[in-house]
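To start, the structure under review is shown below, and the notes come after it.
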């Protein structure tokens, strides 16, 4: 029995159940992934005990010589990985990373061009319910109704009309390559700063499978989980002339002490991302996404923009009797985890939606490849064709569990 099982069996049991869910269910949420045992070990280390306000060599606490080393490792590895001038690894999340950039560049009321959440953007890109939409004048851009890809001509028109101080680029539900160079050209016409939020595609960028935003943006933010396969957290890269301003807007601007155990886990993840095996893994994520997209398309499902270039796809259910909410719940009962998601120009509420978002990073971490993606497409079709038939959903769940048992990841933690 572990120390936790002895002292707090209730929490230990929840962890056991969640480990079992991650091990035997099929995780297809595009923003989720499974970290390596090395990352888990670093995050669960005694570094969680150490306060370290400030930056390496300039702390407000004593006894920081060890955590200084680990933070510098994370910074140096991130610089090598992405070719950035300056890196701050202290943000607790992607949202806080974005907030720090807003506060570095803008004053309340300044105009920002950001991707419409309903078209695939993110809450922090200007949603009215988020700090970004409450503090700044947001002008949303989006996708073309015909192609369902970013409308660069319309974005340029909006920029010329509204003269934003900053243009926010990036998405949380966009399956195509983003043209960062085009956004740079637009920004230069109006003297705007470019901030790219590459949270979803950071792993693909690191592996050279998506163009890098670093040459085109003053700031690049990302989470360190998702495709990057590190711990849950954030990171910011910027040009050297913004470094001092950025650092002061993280600490003491919006955060106090950094989470040193998480920064250690980030350092480990960045080392993993510098390996040839990581590049192969990212390539498999994209191959799996394309295989799954093809499998769904040939079974009659409509995908926004017609497919995918990256790790995710949006299944458009608007021409069916299903809603995203019903589809998500039915798939969950069959052991397949996705999330309901709005599609461009959706007429349903965000709590109901006309689509589901599907991604392949977590399944690829388990070891699934194209042949398994064909099976997965069949599972999804079977479930969505029988959302009210509990016997059929149970049968699919049995097949899902059998499939996942062939690709163990954390099974040793269930012993």
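Glycine is no exception: its Cβ is also placed from the backbone N, Cα and C atoms.
Copied from Swiss-Prot, the annotated features are:
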- 117, 121, 122, 123, 349, 350, 351: (6S)-5,6,7,8-tetrahydrofolate binding site (BINDING)
- 225: site 'Plays an important role in substrate specificity' (SITE)
- 226: N6-(pyridoxal phosphate)lysine (MOD_RES)
Exercise. Taking the Cβ of residue 349 ((6S)-5,6,7,8-tetrahydrofolate binding site) as the centre, count every other Cβ atom within 10 Å, in any protein chain shown.
Key: 11
Quiz item: Relative to the Cβ position of residue 123 ((6S)-5,6,7,8-tetrahydrofolate binding site), how many further Cβ atoms are located within 10 Å?
Solution: 16
Quiz item: Among the recorded positions 122, 225, 226, whose Cβ has the fewest other Cβ atoms within 10 Å?
Solution: 122
Practice problem: Calculate the distance in Å between the alpha carbons (Cα) of residue 226 (N6-(pyridoxal phosphate)lysine) and residue 122 ((6S)-5,6,7,8-tetrahydrofolate binding site), and round it to a whole number. | Solution: 15
Quiz prompt | Fewest Cβ neighbours within 10 Å, where candidates are the binding-site residues 121, 350 | solution = 350
Practice problem: In three-state terms from DSSP, label residue 225 (site 'Plays an important role in substrate specificity') for me. | Solution: coil
Exercise. Enter the number of other CB atoms within 10 angstroms of the CB of residue 117 ((6S)-5,6,7,8-tetrahydrofolate binding site).
Key: 24
Quiz item: Given residue 122 ((6S)-5,6,7,8-tetrahydrofolate binding site) and residue 225 (site 'Plays an important role in substrate specificity'), what distance in Å do their CA atoms have, once rounded to a whole number?
Solution: 16
Quiz prompt | Cα distance (Å, whole number) from residue 225 (site 'Plays an important role in substrate specificity') to residue 351 ((6S)-5,6,7,8-tetrahydrofolate binding site) | solution = 25
Quiz prompt | Three-state secondary structure, which DSSP defines for residue 123 ((6S)-5,6,7,8-tetrahydrofolate binding site) | solution = helix
Quiz item: What is the Cβ neighbour count of residue 351 ((6S)-5,6,7,8-tetrahydrofolate binding site) at a 10 Å cut-off, with all protein chains included?
Solution: 9
